[in-house]
Structures are given as C-alpha cells and as structure tokens.
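Taken from TrEMBL as is:
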type     : residues : note
COMPBIAS : 806-825  : compositional bias 'Low complexity'
REGION   : 737-849  : region 'Disordered'
TRANSMEM : 29-50    : transmembrane segment
TRANSMEM : 228-248  : transmembrane segment
TRANSMEM : 255-273  : transmembrane segment
TRANSMEM : 311-332  : transmembrane segment
TRANSMEM : 353-376  : transmembrane segment
TRANSMEM : 448-475  : transmembrane segment
TRANSMEM : 596-619  : transmembrane segment
TRANSMEM : 631-658  : transmembrane segment
Amino acid sequence: MENDQLKGDSRTFDPNFKGPIANRSCTDILCCLLFILALLGYFAVGILAWSQGDPRKVIYPTDSRGQFCGQAGTPLEKKPLLFYFNIMKCASPLVLLEFQCPTTQICVEKCPDRFLTLVKAKLKNEDMQYYTQFCKEELDPTLTAPEILRDKMCPALIIPSRAFTRRCLPALETLKGGVVVIGNETTFTSGNTSLNATDLLEASKKSNIAMEARQVAMRIFEDYTESWHWILLGLVAAMLLSLIFIVLLRLLAGVMVWVMIIMVILVVGYGIGHCYVQYASLQGQAGADVTIKDLGLQTDFSIYLQIQQTWLAFMIILSIVELVILLLLIFLRKRLLIAIALIKEASRAVGHVMSSLFYPLLTFALVCLVIAYWAITAVFLSTSNEPVYKVFNTSECEYSRDTCNPETFNTSNISAQCPDAECLFAFYGGETYYHKYLIVLQFYNLFLFFWCVNFVTALGQVTLAGAFASYYWALKKTDDIPAFPICSSLGRALRYHTGSLAFGSLILSVVQVIRVVLEYVEQKLKGAENSFSRFLLSCLKCCFWCLEKCIRFLNRNAYIMISIYGKNFCTSAKDAFFLLMRNILRVAVLDKVTDFLLFLGKLLIVGIVGIGSFFFFSGKIKAVEQAAPTLNYYWVPILTLVFGTYLIAHGFFSVYAMCVDTLFLCFCEDLERNDGSSERPYYMSPELHEILSVSKATDEADHPAGTPVEQQDTEAAVPLQENGEVQLKQQAVLTEVNEEETPLTQETLAQEEAVAPSAQEEVVEEKAEEQEVQHVAESTTEGERETVIQNGLQEANGKETEEPEQQQQQQQQQEQQQPELQQPPAIVEEPKPQENGPQESEAPLTPQD
C-alpha cells in the first residue's frame, strides 16, 4: 500500500493530447510578483551602491588623508607610489590587526635611491631639493630640522627603496655570511638613534605580511591585464571545439562516443606520463627533495613546480582518476551500450531541433550578465564607505584609536596630551544608517545573485524540454514538429511559467545561501577547539549538500513536466516524482551512465584546451614563444581557461542531457497513455522502444530477486515489431490469467508434468500464429492487417473442433520433440489441470477465453 502511494496513479489515454499543451494559463502568480519585486529591489540596491561606491579604493593605494595615489584627473596623478615616513613602525602588531602602519604616508613620484638624513640635507640646497619630494606639500623650507620633525612634515631619513605593489619598501640585500645591507651600509643613524639594517628587514617583513593578500591579488590582476585577450581567444576556441564536437556527435554518435572514451583515457595517460618525466628530471637536483610541508605557503606558486613532491602528488591523483575511469568502463560495459544507443536517439531529436545547439549561448550570455551585475554591485558596496581617521601613537595615550579630524588635529587637545600621536587614515567606514546596514545589502546582493542564476538556468531547461517534447509527441516527426520549437517553448515559458520558474529557483537559492553561511561559520570556527561544534557543522554541510543535489534533480524533472502540461511547480514536481518512481529501474541507467558519458566529453574538451594553454603560456612552444605574454603566475590564465572551458562545454552538453531526460519522461508517459494499437499508437520510435526495453531487461537481470512484482512494467507484455505495430494481444490475456492463478502445490505440480505434452503443443501452435501474424504485418497495409488478424483468430477458434485423430497425430509429433522442449518459454504460462484427469488434452487459449 505504501509502495503504491509513492508511485501515484498512472496516466490514462486522452485522445486530445498531442504533446505540449497550447491552451494553458499562468502558474504560481504570487511567486512571479515576488520575483519582480525582488528584481526591482535589486536594481535599487545597485543604483544606491553605484552612487555611493568608489572602486578606485581597491585599485589605488591611499595616503594618510585617504587620497588615491596615481589617480587620473587629480593632483596626485603623477605620484602613483606610496612612501612611509618611518618603515620601522610597520613592525607594530597594529599592522596585523588594522592593516595600517602607524606612520605618515604620502604619495610620491618615485622611490628614494640614496641614503640621506634631514640634518644632512639641510646643509646643501641640492640635497634639500631632492629631500623635499618625500615631504608634505605644505612644508615651510625656512623651518629648522627639529621644527620640521616636530610637525611631522618630513621623514627623519630616506633610504634606498624599490617599488613593490605600488609601495616603496627598503631595497634589502643579503651578502655572504647572512649580513643584511641596504646599499653598501649595514648601520646608519636617524637623529640620535643608531638603526640596524636587520631591524629594517624585520619591519619590512611585517609590512609584507600586512599586504600579503593584496600583493597576490595585484599580481593576478596584472597577469589578467597582460593576458586577457589570449584568454578570450582561448574561450572562443573552446566554444568552437564544443560546437564541432556536438555536431559530430549528431552525425556520428556511436563513433564519437567511443572516440571520446579512448581520447579521455589517452589524455589522462599523457598527464601521468608528463608528471613522471618532470618528477624524474628533478631527481638529484639541489633543493628538489624539499617537501611541501617544509616549504609552507609561498606567494610565488611556481616554486612548487621545482620540487619532486608536487609532481609526485599530481601523478598519483591522475593515476587514481585513470583507474576509476577504467573500472567504471569495465563494470558498466553493458549499460554503456544502452547509454550510447540512447545518445544516438537523442542525436536524432537534436537533428530535428538544430536551433537547440545555439540556445546555450543565450544562457551563457545571461549568466555572464548576472555575474557582472553582482560583481560590480559588490565592489561598489564594499567601497561605498567614507574615510575614517583615527589616532595612532607609539606610547600610551588615552585617545588611542579614537576618531579624529586630520585638519584640526594639530590644534586639538589630543596633540597636546599625546605629542607622538598622529591622526591617520585608518579605513573606510561610516556611522550613518546606510553604512551600518551595508552587510545586509551585501547579503541581499548575494541572495539575488543565486536566485537570478538559478532562474536563468531553469528558463533554459524549460525551453529545451518544451522543444524536445514537441519532437517526441509529433506522430509524424517531420510534419508535426512546430516551425520554431525553441522560440515557441521560450515564449510559453516566459508568458505562462515565470512564477513557477521563480518558485523552483527560489527553493534552490535558499539552500545555496544556507551552505554559504555554513562555510562562513566554519571559517570563523577554524581556531576553535570545540570538536562537537565542528562535527555538527560538518554534518550540516553534508546534509545541505545532499539536499541541494536532490532539489536540483527534482526541479529538473518538474520543469520538464511544466513544459509539457503547463501546471504549477508543486503539481509538476509531484507528477514527475511519481512517474520516476513507477519507472525506478530505468532511472539509474539514464541519470548516471548517460551523464557519465557526457561528463567524459566535457573532460576531453577541458583536457585539450588545458594542455594547449599550458604549453603556450609556459613558453614550451618555440614557434609562439615570442607571442606568449610575460606573467607573474602563468597558471592564472591556464586555470581561468580550464574553468571557462568547462562552463562552455557544460552549456553545450547540457542540450544532450536535457534531451535524454525529456525523452525518458515522455517515453514513460507514452507507455501509460497508449498501448501501440491503431487507435492508441505509440509516439515513440521503434528504436527508442527497443533501447529502453533492453535497459529494462538488463535491470531485471541484475536484480532478479530483489525487484518487487509491482515494479514490472506493463509494456513488457506488449512488445513492438520493427515497424512499430503491436502484436496479437494473447500475451496480455495470458498475463491476466496468471494474476488470477493461485500458488501451485506439490499435487498440482505433478499434474502439470502429466500434461506437459499438451502445453508444448500449445507453444508450437502459438509460435506458428505469431510467425503468421508477423509475416502479415510486414507485407500488408494497416487495414488489411486487421482483417487478416481477425481471420487468424477465427482459425484458432476453429481448431477447438479438430478431429481426435488429428490431435493424436500432433501429440505423437510433439513427443518426438520432447527432449528439446523440456520447459516451455516463460512468456506462456502452463494451463491449469482439469478435475477429470490429466489424460484429456486442452485447447489453446484464445482471446475469447
């Protein structure tokens, strides 16, 4: 009873059903209105962020007044570098807490290239002119050196520095013996204090730690500016390669699938060989035996490619991938043949709806638009704060870290009570209502990003499903298909089912945002020692990951039902779920094995583009070595191309995946609605029926004892001929008789053995009838075939009045063949023994019986 509730009611025959319903109404209107209001709010947040934000805060360094160094159109346009008055103060722990050195910072045109103190510079006008470019603009040259230092107008000294991430840091060098020098000096004086070059090294290291993330980000940004056109060219090549592959898959589906499998094995094998060659080439080289753990985290990731352990890890990972692929191919070899045949059938559908191959371009463009809007809005929101100035000091002061005004600071009480304190730019923030709730706006931006991306994906799935459903439910595949199936399906989806698509994508977005929140909480709890909280968090992450996968699967099938019947989301999801449960034996073959083959196709395209980009950007191709850009990290464009290529390949292969899923659900609906007769013909092609019947037989062979009787499909009793027509319905009659029979006892089994010759006689007669009907079906028209079948049934009924002598003669002939027919075929049940004894022979079953 519970099993029947999980399956729902089967579909019944509807003579008016001819495919995707044209007369439909709007569904989930409330969700449609909610989605429209959310989009209006999203646009309002974007406008507010664009009016308040300033992305220059991310690109340019800022001085102590919050001004941007090197910004075009400002007085600091020609001063792109940031200079620290006292780099030693960057060694303070405050650097790690607030990412700000407690010293005056100004924008300069170039970094200093010599040693010079303020006292020495005052002795020569030429030195003072050079020194002035590292002082504040409002410097009064008539002031003495102590007065200049008191007002913090100039640094006490300047040292040779180099520009690093647009900041002037000491140009440190290490001589033999580990002596640290700056220029040719190891020590120097700053006023009355003697400073060591090693102290400057430590201060510089602390400053580097503070800027570590920004340093890597800036290098990556520079790599993108140098290689963006090559990345764009590579993505175009990936798009063309995917399109060519899909077209070849349409023309040569079987051959291309096997070529794809072999190529994936060869590409992964090449990766294993390349890793081994690199591993062997580093054998015996100095420093190559350093472990990754000892090396630690390095900003220059190319250093990892110079140690053996890295290539050994890559080789092990690729070997495991190769082994898993080979094992899957071996154990799924029977299902692979079925999946390949199903892809061939999907290729026929794609051939009739060729415009479906180009629809992923629209989805890709819409997703890129959503990503761009989200990223720009996020940047503007994060930079919409106002500059905040705080009191920084090296000694104790009650006003430390208080907010201050740099214009009035020198005349305030704070400056009098804390002589060494400075009012410096700290960060961008604000105390207004808008600035307090910026985190809420960022969360809203993230949530709407997930919702819009999922909506665009859902729109693509419904559009493709509607087009392929129009192909399936066309009785004459060429004449009954709409002229523009993609456009018709897209119009129906936008006009009637925007609310349903918004509802399904909203459910998925909620789960995705919860997963993001869990990831954020996990980052916060990384330092915690509470093992129970970490265990609970891991369990929650696993549960929500599984929930997201289930929702994706249900949404996909619900969208297919929406495209066909035009019902609301909940009803379509329920109908799809029950339909899948009634055909659970075939779901694994279609949903897993076919997806595995398509995943291999994506992997092949990604591997080809990834290997090509590696040889190009690493300079290993001599012919184009001069054209390759000079990069900080050559892996940046490679990883970008690999990720982008996978998205592009996924978009093109999603057409085939959606086609397979749509054909499967339509096939299940077709079996429940029709029986293959002339009044209720099947809409499926004979090839598709054969494919899915074989998959059914394969599943039953794999699970002979574990499959419940209720899960046996009724279409197994009504197989199709090669021309798509139905056979005689004697097998359906026999099935009904079998359901009414009681379990056999030992006595009835003994009686059945006695009448075995009679049952064998019936088998021969039924086979002769089937051959005769099959011959008639192949050589006559549909109307004549029905007439001949009626005559055949009448002749079968006439055999009941045969003379006893003729029956005895047939029985003698059957006894001679008894060693070959010990057991009758499973499709024909043995007749029930009669009470008058086993000697009497029975007549064959007929439809009238």
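These residue numbers are counts, starting from 1, taken along the chain as shown.
Quick reminder: no glycine exception, Cβ is built from N, Cα and C everywhere.
Curation does not apply to TrEMBL; its annotations are automatic.
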Where else in the chain does the transmembrane segment (631-658) make close Cβ contacts, counting only residues six or more beyond its ends and a cut-off under 8 Å? 219-220, 222-224, 226-227, 230-231, 234-235, 238-239, 242-243, 245-246, 249, 300-302, 343, 346-347, 350, 356-357, 359-361, 363-364, 460-461, 464-465, 468, 556, 594-595, 598, 601-602, 605-606, 609-610, 613-614, 617-618
Dominant neighbour of the transmembrane segment (29-50) in 228-248, 255-273, 311-332, 448-475, 596-619, by Cβ pairs under 8 Å: 448-475
Same-chain residues near the transmembrane segment (596-619), Cβ under 8 Å, at least 6 residues beyond its ends: 227, 230, 234, 237-238, 241-242, 245, 249, 257, 260-261, 263-264, 267-268, 270-271, 325, 328, 332, 336, 339-340, 343, 625, 628-629, 631, 634, 637-638, 641-642, 645-646, 649-650, 653, 656-657
Non-local residues, at least 6 beyond the ends, that sit with Cβ under 8 Å of the transmembrane segment (255-273): 245, 248-249, 314-315, 318-319, 321-322, 325-326, 329, 340, 343, 597, 600-601, 603-604, 607-608, 611
